[in-house]
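Undergrad: Before anything else, here's the structure in question.
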Amino acid sequence: MPRDFPLDRVRNIGIAAHIDAGKTTTTERILFYSGVVHKIGEVHDGAAVTDWMAQERERGITITAAAISTAWNDHRINIIDTPGHVDFTIEVERSMRVLDGVIAVFCAVGGVQPQSETVWRQADRYSVPRMVFVNKMDRTGADFLKVYGQIVDRLKAKAAPIQLPIGAEGDLSGIIDLVANKAYIYKNDLGTDIEEAEIPADMADEAAEWRAKLMESVAENDEELIEKFLETGELTEAELKKGIRDGVLKHGLVPMLCGSAFKNKGVQLVLDAVVDYLPAPIDVPPIQGVLADGSEAVRPSDDNAPFSALAFKVMADPYGKLTFVRMYSGVLSKGSYVMNSTKDVKERISRLVVLKADDREEVDQLRAGDLGAVLGLKNTTTGDTLCDPDNSIVLETLFIPEPVISVAVEPKTKGDMEKLSKALTSLSEEDPTFRVSTDEETGQTVIAGMGELHLEILVDRMLREFKVEANIGAPQVSYRETIRSSSKGEGKFARQTGGKGQYGHVVIEMEPGEPGTGFEFINKIVGGAVPKEFIKPAEMGMKETCESGVIAGFPLIDVKCTMVDGSYHDVDSSEMAFKIAGSMAFKDGVKKCNPVLLEPMMKVEVEVPEDFLGSIIGDLSSRRGQVEGQSIDDGISKVSAKVPLAEMFGYATQLRSMTQGRGIFSMEFSRYEEVPRNVAEAIISKNQGNS
């Protein structure tokens with residue numbers, strides 16, 4: 001089956017931004033103008049095509065990354081609409097991993113928000129070329145150039161406006177195209193009657209000034225163009241387009257566009273810019289991976305190369321499990337067998353589909369550069385590599401953040417027990433930041449996630465999709481333990497009960513590890529003080545104790561254990577005895593190494609009318625928060641602070657009552673920090689009382 005679009009005419013793009021910047025509305029308009037939908041759907045009406053979960057349509061927010069294919073100007077455009085709420089960061093993370101380019105949407109009034117910075121960092125992590133669409137230019141307080149300044153200052157981006165708005169707020173009537181040096185005037189509400197015109201006389205000087213700045217920015221990235229620009233002070237439209245595209249691909253330029261998706265202004269120009277400036281799969285570096293022998297290799301974006309793809313999302317579906325894949329090389333055919341090289345198992349490809357939100361089109365093949373979904377995979381989860389069984393490779397996987405909040409969950413009736421187990425398994429397969437575990441002390445099922453809204457939506461889905469009624473406990477913070485100094489630890493387990501006894505003896509040196517290393521074990525036993533077969537059980541004993549904690553029952557992180565000595569008995573020693581001795585040595589060492597409790601600190605940003613600033617700062621301080629910055633803009637105060645997650649439960653309700661419903665806030669995980677001694681003592685005694 002031949003390609004319907006050559007690779008250089010394929011664009012895999014994401015639409016990403018902070019909550020309420022208008023990403024989903026922008027996607028809706030793109031689908032309308034490119035002919036995928038024939039009626040415009042609004043987020044606030046609960047009719048958006050890409051918001052296809054019941055919860056998304058009710059809440060007016062996008063939770064999961066919906067993948068949709070469309071076409072524009074003879075190009076195939078595969079779009080992923082990502083959520084802007086910080087609790088759903090994994091959805092943005094996994095879409096960034098598989099995209100070639102991003103449209104970052106900003107609100108012309110709100111500008112750069114905390115979540116915009118998070119999304120920008122994620123795009124940086126995966127080196128994704130991007131362009132900016134400043135949306136909501138029709139809103140009161142809209143200011144395109146103010147947002148430009150914020151993007152340069154706060155995101156340190158090499159932004160370059162390639163458009164200017166004609167009018168703003170209620171008077172937005174058109175857009176100046178600085179590349180073509182002309183204006184587009186919108187003649188009807190649907191945005192389908194557009195007149196090409198001269199730049200309005202009252203904006204000619206401003207447009208000339210910004211066009212000169214654009215030519216300078218473009219020329220800086222290209223030696224030939226800079227020579228011509230210095231000689232003539234002018235670049236042609238074709239030179240500008242080529243220069244902007246080269247700058248975007250080299251991460252040296254971020255073109256900025258403007259408009260109002262809701263008012264149907266500027267969206268077709270965004271599509272033109274996607275085609276003109278964002279990369280095709282062949283324009284980005286080939287994907288890297290590791291071969292079976294451990295050596296590094298690359299897979300070019302080519303139908304003739306060996307097949308390789310990355311599973312970036314798993315979704316429960318009425319027709320079975322859908323696994324979304326990004327094709328990097330080769331061809332994937334329906335009915336074929338492939339290798340999951342991450343798990344070293346073979347999988348059969350039952351069916352292949354291309355998605356248009358909750359509508360789907362079955363296809364016989366997916367090719368290099370495609371985004372599609374596979375039905376029938378049994379063992380594949382998010383981040384796994386699928387490849388040609390004869391040309392095995394493991395591709396770079398995803399960064400998956402650790403959950404910061406947990407709640408106990410139990411079925412309301414015994415009959416729901418099995419359904420609950422099924423629901424939790426299915427939801428954790430879909431979402432790698434959603435973890436399920438069993439509390440060994442209480443036997444309770446504990447679910448963990450990225451925030452209150454994240455868990456609320458998942459519990460809601462259990463009820464709607466799996467018909468499971470469950471009781472939910474109070475949220476619990478995911479504390480961690482660590483050590484601050486070094487010491488030796490010793491564990492000796494000896495038991496004689498007639499006949500064969502038990503004997504294991506372990507001596508370790510314990511010290512703080514590098515941040516992010518978790519548990520690290522080094523074996524330095526020499527001279528056979530402990531036989532080789534007992535080293536691994538001793539390590540396992542330490543590791544299990546590390547996972548269950550020592551001072552308050554929370555996992556220990558960043559600890560390095562070196563096994564230096566021990567002893568054994570020819571008859572009585574066993575793997576179990578050394579596992580227990582390893583655990584005893586670990587506990588002994590931790591107690592001597594100045595153990596401390598760590599808690600998740602959240603980066604909190606609050607926006608309130610100026611009159612409420614004093615009470616907001618006072619309230620944050622009472623929550624053990626540290627205010628790190630504040631600014632006032634147009635009567636709105638912005639406060640940024642670091643606050644322990646433990647103090648933030650119920651903050652949304654409190655903020656509403658303090659500001660008469662006029663305050664908003666966002667919160668995302670920052671890092672783990674030591675809990676103050678008086679607070680730690682209360683947590684430790686409470687947890688020791690529970691155990």
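The backbone N, Cα and C atoms fix where each Cβ goes, and this holds for glycine too.
From Swiss-Prot, here are the annotated features:
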BINDING   17-24, 81-85, 135-138  GTP binding site
DOMAIN    8-282  domain 'tr-type G'
Undergrad: Could you tally the C-beta atoms, other than its own, that fall within 10 angstroms of the C-beta of ASP20 (GTP binding site)?
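TA: There are 18 such Cβ atoms around ASP20 (GTP binding site).
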Undergrad: What is the number of other Cβ atoms found within 10 Å of the Cβ of MET137 (GTP binding site)?
TA: 27
Undergrad: CB neighbours of ALA17 (GTP binding site) within 10 A?
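TA: So the number of other Cβ atoms within 10 Å of ALA17 (GTP binding site) is 28.
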Undergrad: Across the domain 'tr-type G' (8-282), what is the average pLDDT of the model, as a whole number?
TA: 82
